[in-house]
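Student: Quick one: the structure is below, questions incoming.
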């Protein structure tokens, strides 16, 4: 029982450890001795109103001898035993408090590790045998092999390891919680396990001295069975079966089971055990309550008068993977492991895996090697099994005499044990039944029983608290090792980071200077091309109307003067459009050349860092409508635009000098040199003769009107001179002479204006358009439009150069920033692990100083 009082009743037999019969006879044996676990000491004789009980020996009270009652005597041996028990209990309680504090402190360390691992993944040396972890080791199994056992173990990325380590921390934290519960619990749980069909149930029956659990040559225990003293169930012997529909897993069954709540279990009799233990598909856990009151406390295991003990019989390890996993997990909740080994098979792989897991906290485990009598070479069998135990549990190997027992009898046959299940009425027991009165001596099994009782009862601190101390010591050692390895790793990383930063700084300066030079050079080339296109457009428009007269539309006579005016105006507008088109073509060519050059420079200077997938198409430039101001490029016409007389032109016309328009090539069919000379003399070379015939007004462009006026005028003047020659000096003669002169002159002037019209109209329109261009600032606006288009196009490659340079600089700056952040993070980690290391070392020293050997 975990609380209350326990009474040790007189066995009427000498203690089995006594060697001197006379001493036994002289020893005063108490009739009743009451001990309170809650108070931690033995109770006085006046407890519950007991006064002057001369059959009780405590605090000077009287007892009786083994053969007859004697007067009250003080026994110095009993007094010493009482003091020793109280000191042992005080030492146990003190160690329990220290361990609880250490567990809480270690949980705080694990929380800190978890927080650090979430922020900065913790480094775990998975393949380093020199820094092999015990509890926090990550055994990653791949293709049937563990990474820690391979020389060239596979490597896992750091973040992936940190996630695995997170799961390990959660598992360790849960284990620490289980440890804390076990330290608080005053009862002890003895876990009997082993491979399938090794006789675990038979061993359990042997320890209980009764055939309680079913035994068979085939595996029959499939459900975890925990055997407890019936006092915890009001003295009623029965089975509490926790079904799977209430608790699907073993852990849930343990947590949900409550003896005060019948809804959490089913009640069965002990007779039904053979039918219950195989039903792992129906039950998760069996709680078996039996009475172990037919034996004295000195030999009873469950009712020993010192501590509540429960035996747990488990399914075989290698029978089912799910059950094996449950057995593995159950070891965290028990205090002592009794591992049953078949001498013929020795320790299997599943057995080794369980022992390795359990040895994290349990330095000492009992090994019971059964069927040893069937082995021919017993010494060799012992050596092989002990060698396996030495590798898995070194402390157990060192104390093999107490913890490794080779049992010759297989335990399957118990002819000397009374089978309580054979009674029709289980509660009907004969008081004089002696369950082992006919038992034959078995030194091997007796040695096992003595060692087990001595370890569980007399060395309670070791059996109950040593697993917690061992686990804490190993866990703290792991934390120390992890702290040291991480501090070392971060210190080495800091050296590398400093070297990388020293190398990176000049690279950044060089890249910045190179990018500045490159972008400046590209910008200058772009500005030069933009300026060139601006000047070219401006110059083209300025020279657009400086066209030779012969390139203007041909004059077709007065009858088609309107067409001549319209065609001349259209010609001037077309000249302006052509100059704009030529300037745009020039801009396209220059832009195309520069874009290719910029891309080539970018690839040569920046290499693979310059990535441009754009394809420049110059034909897509200037696809927008011409400048809107071109719609207003219209001039008004007047009659005066047809004339532009000059004295020089008039005198040239009168003197028959060079013609107004340039001569055309020889007209087809006019091959006679004399005829050509005559037409040239008369000014008829500008048009074919047929046009002069069809359009008589074209004659005004020749010399015929002048010759006609000259001929008529000279005839009139000469006739007047001949008729009035002697009167030339008289006023009347001059008056008569001036009339024909004025008429001829007027006619000559009129013919000159008509003759000059093919020159005057183009010249006047050209002057008007030039003024209009200046008035509208048309030249500058179009030059600006062209240069802006070039600027927009060149902005793409220049920006790509700039962007590539920025990417290069950003990469280096990001690398630098990452290194600096990594350095800062490493410093924080070093500081964290330094603090964790110091705290863990101090805590480990405190744990190591807890002395559990004093009982």
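Here the Cβ of each residue, glycine as well, is placed from N, Cα and C on the backbone.
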Student: Which residue from 200, 464, 588, 772 is recorded in Swiss-Prot as ubiquitin cross-link?
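Tutor: Among 200, 464, 588, 772, the one Swiss-Prot marks as ubiquitin cross-link is 464.
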Student: With Swiss-Prot open, pick whichever of 79, 374, 398 is annotated ubiquitin cross-link.
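Tutor: Candidates were 79, 374, 398; Swiss-Prot attaches ubiquitin cross-link to 398.
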Student: According to Swiss-Prot, 197, 198, 199, 200, 201, 202, 370, 371, 372, 373 bind GTP; which one of 162, 167, 171, 408 is annotated to that same site?
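Tutor: GTP site check in Swiss-Prot: besides 197, 198, 199, 200, 201, 202, 370, 371, 372, 373, the record includes 408 out of 162, 167, 171, 408.
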Student: Quick one: which of 308-342, 413-447 does Swiss-Prot have down as region 'Disordered'?
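Tutor: It is 413-447 that Swiss-Prot describes as region 'Disordered'.
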Student: Please list, in sequence order, the residues in the chain of residue 201 (GTP binding site) that are at least six apart in sequence and whose C-beta is under 8 Å away from its C-beta.
Tutor: 213, 214, 215, 220, 221, 277, 313
Student: So how many other Cβ atoms are close to residue 199 (GTP binding site), meaning within 10 Å of its Cβ?
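Tutor: Taking all protein chains shown, residue 199 (GTP binding site) has 23 Cβ neighbours within 10 Å.
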Student: DSSP on residue 201 (GTP binding site), three-state: which is it?
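Tutor: Its secondary structure by DSSP: helix.
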Student: Quick one: largest C-alpha distance among 197, 198, 199, 200, 201, 202, 370, 371, 372, 373, 408, binding GTP per the record, in angstrom?
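Tutor: It comes out at 19 Å between the most distant Cα atoms.
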Student: Could you count the residues of the topological domain 'Cytoplasmic' (758-855) that DSSP puts in helix, in strand and in coil?
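Tutor: The breakdown for the topological domain 'Cytoplasmic' (758-855) reads 90 helix, 0 strand, 8 coil.
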Student: Please report the number of other Cβ atoms within 10 Å of the Cβ of residue 197 (GTP binding site).
Tutor: 17
